[in-house]
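> Sharing a structure below in structure tokens format, with a few things to ask.
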Ligand code: HEM
């Protein structure tokens, strides 16, 4: 098992002094971590649905893509609002560069999801190639945002460290 050591850099030692326990939690369970599964799953599902439409030409997949893209965006906004509250209210989260990297990747992801939904609403046939391209981009940014979000938990102990008050 790895041993926990204090960071070598004096800057990181200063950052590590700040509380990183979640401000938006239910019985100690961070709401953001529970919420992010929905936009991630729906964005990947939208890509799958677009590939099926490309493959079969069945308009059922156009309707399915409209709904999954819309809900990916809506759940992304909801998860993003909770994540933003964590970022702004928790000093140990706010002061970590990794939190801002994650937030930027996540906001890009949400914007792509929004665009992917709106182009379908405006013109359903725009799925090929525009919607499919946005779904591929969305899947890439899901990975980027999720990777950096995971780093906050696994590398920085954000949301899982027990604070002095508990
Ligand atoms: C847009 C604003 C967002 C901000 C400011 C933000 C901020 C945060 C913060 C502070 C954490 C640490 C855990 C916590 O305190 O709850 C986190 C974790 C995480 N975030 Fe975000 N987030 C945002 C949006 C998103 C979105 C849209 C996704 C979906 C791709 C996402 C995916 C993740 C993942 C996967 C984790 C790790 C959760 C775990 O492993 O349990 N975040 N985020």
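Just so you know, glycine gets a Cβ as well, placed from its N, Cα and C.
Take a look at what TrEMBL says about it:
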DOMAIN    28-160  domain 'DUF2231'
TRANSMEM  34-55  transmembrane segment
TRANSMEM  67-90  transmembrane segment
TRANSMEM  97-119  transmembrane segment
TRANSMEM  125-147  transmembrane segment
> To what whole number does the mean pLDDT across the domain 'DUF2231' (28-160) round?
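The answer is 96, the mean pLDDT of the model over that range.
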> Should anything in the same chain at least six residues away from the transmembrane segment (97-119) have a Cβ under 8 Å from its Cβ atoms, list it; otherwise answer none.
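Non-local partners: 39, 43, 46, 66, 69-70, 72-73, 76-77, 80, 83-84, 87, 126, 130-131, 134-135, 137-138, 141-142, 144-145, 148-149, 151-152, 155-156, 158.
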> What parts of the chain pack near the transmembrane segment (125-147), using Cβ distances under 8 Å and only residues at least 6 beyond its ends?
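Those are 36, 39-40, 43-44, 46-47, 50-51, 53-54, 62, 65, 69, 72, 102, 105-106, 108-109, 112-113, 115-116, 119, in sequence order.
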> How many of the residues that make up the domain 'DUF2231' (28-160) does DSSP mark as helix, as strand and as coil?
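Taking the domain 'DUF2231' (28-160) as a whole: 114 helix, 2 strand, 17 coil.
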